[in-house]
Amino acid sequence: MRSPRTFTFYFLLLVICSSEAALSTPTEPIVQPSILQEHELAGEELLRPKRAAAAGDRVAEEYMVDIEISFENVSFLESIRAHLNNLSFPIRGTEADILNIAMTTVCTPAGNDLLCFCEKGYQWSEERCLHSLTCQDYDSALPGGYCSCLKGLPPQGPFCQLPEAFITLKLKVRLNIGFQEDLKNTSSALYRSYKTDLERAFRAGYRTLPGFRSVTVTQFTKGSVVVNYVVRVTSAPLPGSIHKANEQVIQNLNHTYKMDYNSFQGTPSNETKFTVIPEFIFEGDNVTLECETEFVTSNTSWYYGEKRSDIQNSDKYSIHTTVINNISLITRLTIYNFTQHDAGMYGCNVTLDIFEYGTVRKLDVTPIRILAKEERKVVCDNHPISLNCCSENIANWSSIEWKQEGKISILGNPESDLESSCSTYTLKADGTQCPSGSSGTTVIYTCEFVSAYGARGSKNIAVTFTSVANLTITRDPISVSEGQSFSITCLSDVSSFDEVYWNTSAGIKIHPRFYTMRRYQDGAESVLMVKTSTREWNGTYHCIFRYKNSYSIATKDVTVHPLPLVSDIMMDPLEASGLCTSSHQFKCCVEEDAGEEYAVTFHVDSSSFPAEREVIGKQACYTYSLPANLPRCPKDIAVFCHFTNAANSSVRSPSMKLKLIPRENVTCQDPIIGIGDPGKVIQKLCQFSGVYGSPGQAIGGTVTYKCVGTQWKEESRACISAPINGLLQVAKALIKSPTQDQKLPTYLRDLSVSAGKEEQDIRSSPGSLGAIISILDLLSTVPTQVNSEMMRDILATINVILDKSALNSWEKLLQQQSNQSSQFLHSVERFSQALQLGDSTPPFLAHPNVQMKSMVIKRGHPQIYQQQFIFKDSDLWGDVAIDECQLGNLQPDSSIVTVAFPTLKAILAQDVQRKTSSNSLVMTTTVSHNIVKPFRISMTFKNNHRSGGKPQCVFWNFSLANNTGGWDSSGCSVEDDGRDNRDRVFCKCNHLTSFSILMSPDSPDPGSLLKILLDIISYIGLGFSIVSLAACLVVEAMVWKSVTKNRTSYMRHICIVNIAFCLLIADIWFIVAGAIHDGRYPLNETACVAATFFIHFFYLSVFFWMLTLGLMLFYRLIFILHDASKSTQKAIAFSLGYGCPLIISSITVGVTQPQEVYMRKNACWLNWEDTRALLAFAIPALIIVVVNVSITVVVITKILRPSIGDKPGKQEKSSLFQISKSIGVLTPLLGLTWGFGLATVIQGSNAVFHIIFTLLNAFQGLFILLFGCLWDQKVQEALLHKFSLSRWSSQHSKSTSIGSSTPVFSMSSPISRRFNNLFGKTGTYNVSTPETTSSSLENSSSAYSLLN
């Protein structure tokens, strides 16, 4: 028996040979099984054309041949599959080619049966499925879908076939008979009868359609009887074929069904293909819509929008129809320059017989999105810079173009990648293309994307070209000596740059506070300025202008020659007494410098003498001996030493004083201290007193001696140990160093280590203690940020000096320098404000004598700040809290730092020790950023005095006691926390201000009796003023017609009304400002600026209206023959009264507010300390007072000595005289008011000036009502006339007729006479300006404590 492989080979060879033989012989016997099936379905007429063609011109035809292969071994199946897959097609023959061989059907035995499966992609025909037994019917467990497998091979083809693409025609027709309900039931006999008859008729009629396959009735509905059915065909109907088929249906259907021929309706589905080109539409594209059908017709159309507007050929649209092979049709609509307005629904209609083919598509415009950096800066240094453009859109781009527009033309090299939708334009500009004159010129480069369909999208890139800066630096060599100043000027010819800085030769940046920078239109300038040079400034310095990655550098060498500073020269003696018959030695010592020897001379009177040099330890000492037997005695001699270095720079020491006395006056004598008479007090440097170590050590400080009896007694000692003194000298040099911020961390570490080693000396020596305080004060002024490690070193040093064992040294130190404790606290607060925690965890730093806690404010995550401090050794505790609302007003990333001290209370303000004082913590809380709004803080202290006394919450005010500092209770109060616990005191603090701040830059001490008195006067006076001014305006309104009958009276009352109105508004704004900065409402910066502006404006308006009144009087008396109209006078008056104040107040706020120095930090009034903006109010007011006084003198003189012919009418003279009275009284009052205001400016002025100033200003409104309004005789008469009864009128007439009745406020009344005698018959009182009496808390500490 042959092997399977041999059998397979012979079989395939047979297939191929048989195929080739078949292609050379008549084909009819071989293809018969295949074409018989075709003949049965489609009719004989379809086969004949093929045969005619084959027998005629031998035109190439395609045949499908079914070959059946049988074999016994199932494993052959995979071998056949593999062999067929490896064949290469086509297989060429002499007269025919085999195009493809595909396996379609596989039958395998299953018991006694044969199961036939379709290969993937093939299926049994519907006819076979309906009339054959499927595998699932044989065994439901077999895999595969229904009808993918048949039981038994069909007796006569076809086998499995490729699935046909059917066209389903949905139709309906009406039967003109009555509808019966059984037609809804698919299992009823009536339904089956109708379905069978109709399908038979439909099949007979529609089988004439090309590619007909089946027809099925799907439903019967009402409307007579409406028959719904579907016809399945493989090709589109030909025109007119449906009508013919419908006629055949009518003919083949029983007439009893009464089918209505005109009721045939139909709509096909899935037969129209709609294409949009391009897929993504950009604005400007030419868009083509294609509608393709599988049939041919001439009835096509296009429409747009929901209203189905018909589209015709035009400039915008083009419609074109194409027939392909006479079997399909494509209609195209082209839309030119598609815009956003063209977007919407588009549809095509193709009509064939009773069918309407069509589809709809919505078209949208996609914006062209181009990514590019819109601004670039390019330095003309010949380095390539790339401009990049990329489109986010996936599109068929035809090109990417670059264009430029600008004053200068700099071309680049474009490179585009259309597949990635990106383009790069590389610029390489050099100095010749952008000279210095064109530096900063901007050129617009445009990248434009062009699609294959016409759309264009562009993006502009603004490129600013900057020339490389040419730097010019100070030419002259810089050679200075220590202590001298120098500056280096660096000029750039380019004004565009990103950064300017200075470097040392080691690459260390110099702190910006040492240099300035100014930018000009055509360049820039930076100046390095050093006020006090040290040896650390010796070296090379680089001026660097950076623009992007381009650097322009200029260098300058600086030579600093050593020269001792005056403060570094140690002298002996400072002052001394000596015998006339003895020689006396003078000594000047400086730190020994190996590289420099000074020429030193001693100067006595007008003579100079060379010095002798001696090195003692680390010091170089220069001495001179004054010879004995001077001609005159006693005599006072002043001696100083003069140092000259190699650069011929010199410095002289302070004078050493020697008093020559006879021997008989000497009672005290010591070889080191010297001689002296009783009561003599002298100072010696500790270095030369022999009280500290060896003479060569750099010991600081002084010792004071007093001659008592025959012995020198040491009165006080303020010596500084050598290590601490060395640190002090380094600290003084560090704050002048160019690299101070880099050196500060190392220095603070060394300071804490040295403080620990010298702990005993610091706590026992006031001098060393004072040196540490001076060091901390110096270092706290270094403008740099403090980190946690630096703060740790600072607190370690503070812990040493605040120990209880150092309290005696503190007391002695404060007796010598009373501000040292306040200075120490101030330096701690500066360090706390400079602390920057960043993202690190806030540290808790704890020592026995100081603790620190902190928090960082995060954006969007406000939380309560609450910290507690416990000092068990001191039996003290306290906590501080700031609520979430207050923290929300802080800038993000602000640091809040609280430092607590258990012993500082006993050190601060020694005068407190003389009172009953509560021993409590001192807690200082600082914020790293400026606080714009008032800040409320609450604290709780342990109460160690529960038995008696009233606790008082206080804060440290640095400005008290001539800036020595003191405890202040302003804005702090003891509150009830609801716990009823006498062991604790709950405090709330909110800084307040008082009213006298308006004119005086300084203010009375908060909480003092003077401050309270000024507050009371201000509030009462303002209340009276507001009521009086309102009453004045009401009175003027009532008597207006009676008192304004001539122009002079009219203008006078215009001025009085405006004065009263302006002062009333000013007083109201004054109260608003007081409410803001008194803390009743949060201090809003905008509200405070507004209050300051309106107070300034309306108070100035009061004075300018007063000036208007004076000038009007002057005009009426001097220019008698010139009479201006009312409208002219009013225009001038209002321009002067409101225009000038508006200009002054607007300029003031415009100039100062951008720098945030318009108003004070703690009050709503003009700034004094920073900008002297207060002068914008005081100077105009005082000038107006002087002018009005001068006018008053002239007017009174003119009235008393009238010229002939110049006398005005009686009524005019009465008005003028009344005005002179008003000016005469009002102006002196104003002058006195602001005279006292000037007095309050003087530092330490008497409290009487504050009281008088506040009294006169607060009651101005009342004075205006009395003297400016009610004292006017015409006003009195008008009021009496308006409110008198007939009886009173009769009596008044009678009294008037006999001349014995006078109004109570008339010039001749007794009361008026008293005023006339008092004021010299000059009239009424004029308007002054109220002052805020606010206490300045700008120098207040944030340290709080508790007083009892």
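Numbering starts at 1 and runs along the chain as displayed.
Backbone N, Cα and C atoms are what each Cβ position is placed from, and that goes for glycine too.
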Partner cysteine of Cys447 (disulphide bond, per Swiss-Prot) from Cys389, Cys390, Cys422, Cys490: Cys389
Recorded membrane side (Swiss-Prot) equal for Cys1164 and Lys1282: no
Site from Asn73, Asn349, Asn957 that Swiss-Prot describes as N-linked glycosylation site, others unannotated there: Asn349
Feature N-linked glycosylation site, as given in Swiss-Prot - residue among Asn470, Asn503, Asn1084: Asn470
Where Swiss-Prot places phosphothreonine when the choices are Thr108, Thr366, Thr841, Thr1302: Thr1302
Recorded disulfide partner - Cys972, candidates Cys989, Cys1032, source Swiss-Prot: Cys989
Of the residues Asn396, Asn648, Asn665, the one that Swiss-Prot lists under N-linked glycosylation site: Asn665
Inter-residue C-alpha distance, Asn538 (N-linked glycosylation site) and Asn665 (N-linked glycosylation site) (nearest angstrom): 53
Between Asn665 (N-linked glycosylation site) and Asn349 (N-linked glycosylation site), the C-alpha gap once rounded to whole angstrom: 137
For the topological domain 'Extracellular' (1077-1092), mean pLDDT (0 to 100): 67
By Cα-Cα distance, the member of glycosylation sites Asn286, Asn337, Asn470 nearest Asn349 (N-linked glycosylation site): Asn286
Secondary structure of Asn337 (N-linked glycosylation site) (DSSP, helix/strand/coil): coil
Assigned element (helix, strand, coil) containing Asn665 (N-linked glycosylation site), judged by DSSP: helix
Neighbour count (Cβ, 10 Å) for Asn349 (N-linked glycosylation site): 18
Other C-beta atoms that fall within 10 angstroms of the C-beta of Asn470 (N-linked glycosylation site): 15
Within the topological domain 'Extracellular' (1152-1175), residues counted as helix, strand or coil by DSSP: 5 helix, 6 strand, 13 coil
Protein Cβ atoms within 10 Å of Asn665 (N-linked glycosylation site), excluding its own: 14
Residue pair Asn286 (N-linked glycosylation site), Asn470 (N-linked glycosylation site) - Cα distance, angstrom, rounded: 54
